[in-house]
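Features of the protein shown, as given by Swiss-Prot:
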type	residues	note
DOMAIN	263-492	domain 'Methyl-accepting transducer'
TOPO_DOM	1-166	topological domain 'Cytoplasmic'
TOPO_DOM	187-190	topological domain 'Periplasmic'
TOPO_DOM	210-506	topological domain 'Cytoplasmic'
TRANSMEM	167-186	transmembrane segment
TRANSMEM	191-209	transmembrane segment
Amino acid sequence: MSSHPYVTQQNTPLADDTTLMSTTDLQSYITHANDTFVQVSGYTLQELQGQPHNMVRHPDMPKAAFADMWFTLKKGEPWSGIVKNRRKNGDHYWVRANAVPMVREGKISGYMSIRTRATDEEIAAVEPLYKALNAGRTSKRIHKGLVVRKGWLGKLPSLPLRWRARGVMTLMFILLAAMLWFVAAPVVTYILCALVVLLASACFEWQIVRPIENVAHQALKVATGERNSVEHLNRSDELGLTLRAVGQLGLMCRWLINDVSSQVSSVRNGSETLAKGTDELNEHTQQTVDNVQQTVATMNQMAASVKQNSATASAADKLSITASNAAVQGGEAMTTVIKTMDDIADSTQRIGTITSLINDIAFQTNILALNAAVEAARAGEQGKGFAVVAGEVRHLASRSANAANDIRKLIDASADKVQSGSQQVHAAGRTMEDIVAQVKNVTQLIAQISHSTLEQADGLSSLTRAVDELNLITQKNAELVEESAQVSAMVKHRASRLEDAVTVLH
C-alpha cells in the first residue's frame, strides 16, 4: 500500500442496516469478505482476497488506534472503535469496527471484523481526536478502543473488576480506620474491622466478581467462536441465569452454524447437480434449436419448391387446357376432312357413273356410225358425203370411247386412292378422337395435380408456420434454459460464498 494513497475527503454515507464483515489470517491478509464490504470498498472480491487489510486504511487514521487494536486482539480480547476507511476511488466511510480473534483449539487462527455504520455523534467525537493524535497534541490515548486520559487516571477504566472491588474495600477500610482513630478505638477494634473488610472483600469476589469473570470468559468464548462446553454456576440468581443464557447462546450459535453448514453443503451439492443438469439441458436445447432451425430452412426450401411446382403445375394446367382445346379443334378439323373425303369419294363415284354413261354413248354412237356407213355404201355416190361424216363420227366415237376408258382408268385409280385416303382419314379421325380423349384425361390429371399441389402448398405453409412457432418456442426455451443456467450459476456462487462465510465461524 502506498504511504500516501489518493483521497478525496468525500464521505460516503452508509445505511443504518449496513454490515461489513471480513476475516484475515494471522498476518492480516484478507481471507474472506462479504458482498456488502466488497460493494462499499469499491474493490472486487478478487482484488481484496489475499491482500493486506490495510489497503482500505485511510491515512487520516492514527497509527496508535491500529496499534491498540492489534495489541488487544493478540491478547485474545475483542476490540471496538470508530474507524475511517478509504474506498478505492479515494472517498471514505465511517464505521464502528468490532474486531475479535478467532480461536480454534485454544489458539488464535485469524481475526474477524464486523463493521456497522458510525453515528454522526460518534464521528464528531473522534474526528478531532484523531487529528490531535496524528499531530501529537493531545493528553488522551486509545486503550482497547476506548478514549482515555494519559497517566494513572487513564488506567482506571482498564482496571479489572477484581481490583476495582479491592480498591473500594480498601477505601472503605481507610475511612473506617479514620473514624475509629477519631473516636480513639482500641487496636483490637482495628483488627476486627480489618478482618471484617477482608471477609467482605473475599465474599464479594467469591459471590460477585468471580461469577462475572466466568460470564465474561464464557461470553468471550462465544464471541471468538471457540468450541466450548457450557459453564454452570450452582446458583439460580441473575448471575447464574446470565451465565446459562450466555452458554446457551453459544450452543445455539454452534448448532446454527453446524446446521447451516450442513444445509449449505447440501445446497452446494444440489446447485452443482442443478448446474450440471442445466448445462446438459442447455446443450440439448441448443442442439434442438439448431435442428429446428435446420428443419425450418429445409421446410422453407420445400415450401419454395412446392410453390414453384404449384406455379409450374398451374402453367401446365393452362397449357394442357390449351392443348385440349387445340386437340378438340383438330378433331373437329379432322371430322371436316373426313366428311370432305367422303364427299370426294361420292363425287368420284358419280364421275365414274358419268364416264360409264359417256362410254355407253360412244359405243352407241359408233354403232350408229357403222349403220350410217352401211347405209351410205348402199346409196352409192349420193351417200359418199354421208359416209365421210359417218366415218368422222365413228372416229370421234372411238376417241370418246378411248378418252372415256382413260378417264375410267384415272377415276378407278383415283377411286382407289380416294378409298385408301378415306380409310386413312377415318383411321386418323379415330386416332385424333383417341388423342382428344387422352388429352382430356391428361388435362384432368394435370388439373388434379395442380389442385393437389395447391393443397400441398397450403398444408406445407401451415406446417412451416407450425415449425416457425416451434422454432420460436424452442428459442424461448433456450433463453429460459440460459436464464436457468445463469440462476444456477448464481445459486452455486451464493452457496459457495455462504459456505465460505459459515466456514469462518465453523
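The backbone N, Cα and C atoms fix where each Cβ goes, glycine too.
Within the chain, the transmembrane segment (167-186) has long-range Cβ neighbours (under 8 A, six or more residues past its boundaries) at 159, 193-194, 197-198, 200-201, 204. For the topological domain 'Periplasmic' (187-190), the number of residues in each DSSP class (helix H, G, I; strand E, B; coil) is 4 helix, 0 strand, 0 coil. Counting only same-chain residues 6+ beyond the ends of the transmembrane segment (191-209), those with a CB under 8 A from a CB of the stretch are 161-162, 165-166, 169-170, 172-173, 176-177, 180, 239. Long-range contacts of the topological domain 'Periplasmic' (187-190) within the same chain: residues 177, 180, each at least 6 residues beyond the stretch ends and with a Cβ under 8 Å from a Cβ of the stretch.
Looking at the topological domain 'Cytoplasmic' (1-166) alone, the prediction's average pLDDT is 87.
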